[in-house]
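Here is what TrEMBL says about this protein:
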DOMAIN    1-333  domain 'Aminoacyl-transfer RNA synthetases class-II family profile'
BINDING   Asp70, Leu71, Thr72, Arg97, Gln113, Asp117, Arg266, Tyr270, Tyr271  L-histidine binding site
Amino acid sequence: GTRDYSPKQMAIRERVFTAIINCFKRHGAEVIDTPVFELKETLTGKYGEDSKLIYDLKDQGGELLSLRYDLTVPFARYLAMNKITNIKRYHIAKVYRRDNPATTRGRYREFYQCDFDIAGQFDPMIPDAECLKIVHEILSDLQLGDFLIKVNDRRILDGMFAVCGVPDSKFRTICSSVDKLDKVPWEEVKNEMVGEKGLSPEAADRIGEYVQLHGGLDLIEQLLQDPKLSQNKLAKEGLGDMKLLFEYLTLFGITGKISFDLSLARGLDYYTGVIYEAVLLQQQNDHVEDPVSVGSVAGGGRYDGLVGMFDPKGRKVPCVGVSIGIERIFSILEQRVEASEEKIRTTETQVLVASAQKKLLEERLRLISELWDAGIKAEILYKKNPKLLNQLQYCEETGIPLVAIVGEQELKDGVVKLRDVATREEVNIRRENLIEEIRMRTSQL
């Protein structure tokens with residue numbers, strides 16, 4: 001359930017990480033890091049039905065430790081430990097899950113997570129709206145195709161469960177059934193609720209009427225008028241905030257890609273308010289109006305109680321955050337590169353220092369050292385007397401754009417022959433102007 005990354009795969013990863021980090025920084029986030037393992041008790045009881053996937057480390061006679069399962073719980077622990085009440089941070093690191101790996105589908109036991117969170121007491125829905133804007137920016141920037149961000153609120157769900165007659169003790173487990181609605185039809189979900197989880201068929205049918213609704217501001221208005229839901233304090237709060245959220249998202253100009261969806265439940269236990277999930281869409285064929293979801297690429301929500309679990313005095317720090325599903329994104333981009341046969345450069349070398357005659361190794365070493373010291377990315381072939389053709393072929397293969405050729409005549413004249421690999425044009429550049437010329441030519445690439 002683990003994998004190695006080839007230089008080509010790492011080049012694609014680096015591109016994606018850069019785009020995501022640039023977005024996080026554009027929104028004013030700081031970066032933190034935490035240990036790869038935590039005390040076992042830190043992780044226990046935070047993940048609901050998924051807790052069985054936590055990787056426990058062997059007891060070496062000391063504290064019981066486990067590998068981190070996500071980046072959110074360590075973040076909450078970090079805030080509580082350091083008494084931080086206000087931070088906007090991102091964290092990109094590997095996490096571990098004892099899952100049954102499905103490597104073809106991009107499911108691994110060791111994988112990267114990419115998190116952005118805003119902690120602190122603020123006016124409602126402003127940070128929440130920014131998290132959704134970030135998801136929208138990243139997915140647009142990476143050009144993964146059409147996407148949809150589904151939004152719901154835990155309070156609306158809990159209120160809906162209450163008015164449909166679900167007992168309190170069954171909220172969480174019914175929640176994780178509802179969460180499967182994007183993968184399996186309503187009938188199956190209903191059977192699970194009634195058959196396995198002991199819910200009455202009437203309650204299940206009442207839930208069915210709600211969870212199949214999705215829309216925008218119009219749906220929020222409609223539900224605020226709903227005789228049953230509007231009587232429920234939780235649902236009413238949630239709907240009020242949802243209305244505010246959609247007003248902010250309208251100002252950000254992104255409501256076209258956002259859907260208020262009552263079936264969205266997100267299985268994790270720690271969410272307390274707004275929850276969201278971004279899915280990629282694929283047109284199946286031309287005459288089907290509804291595009292089909294091909295899987296989630298980001299998710300998150302508000303979790304106002306998590307930090308309080310780690311604070312000895314139970315002081316709460318409200319938080320909202322988003323996790324970008326980086327592994328899913330990588331596998332999509334890797335497949336795309338394979339299909340397009342696009343050549344991916346795995347190095348950033350700007351210039352190869354070459355020679356046209358024998359016995360010029362010393363001159364090549366002298367020149368490349370000058371280039372390195374000037375911060376230019378340069379290579380030579382590790383051969384005393386390489387053939388010019390071999391040196392040029394190396395540039396073709398690795399995508400190096402320029403060759404700086406030293407020869408006896410050039411040395412006498414105090415110049416270096418600079419060759420453009422793509423156009424095969426050559427010009428003599430005075431040695432003292434070479435660095436400037438390389439910088440100028442490679443800045444346009």
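One-based numbering along the chain as shown.
Cβ atoms here come from the backbone N, Cα and C positions, even for glycine.
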Which of Thr72, Gln113, all binding-site residues, has a Cβ with the fewest other Cβ atoms inside 10 Å: Gln113
Using Cβ-Cβ distances, find the residues under 8 Å from Asp70 (L-histidine binding site) that belong to the same chain and are at least 6 apart in sequence, listing them in sequence order. Tyr47, Val95, Gln113, Asp115, Ser323
What average pLDDT is reported by the model for the domain 'Aminoacyl-transfer RNA synthetases class-II family profile' (1-333)? 91
Residues near Arg266 (L-histidine binding site) in space but at least six apart in sequence (CB under 8 A): Asp179, Ile275, Glu277, Gly299, Gly301
Residues near Tyr271 (L-histidine binding site) in space but at least six apart in sequence (CB under 8 A): Arg154, Gly301, Arg302, Tyr303
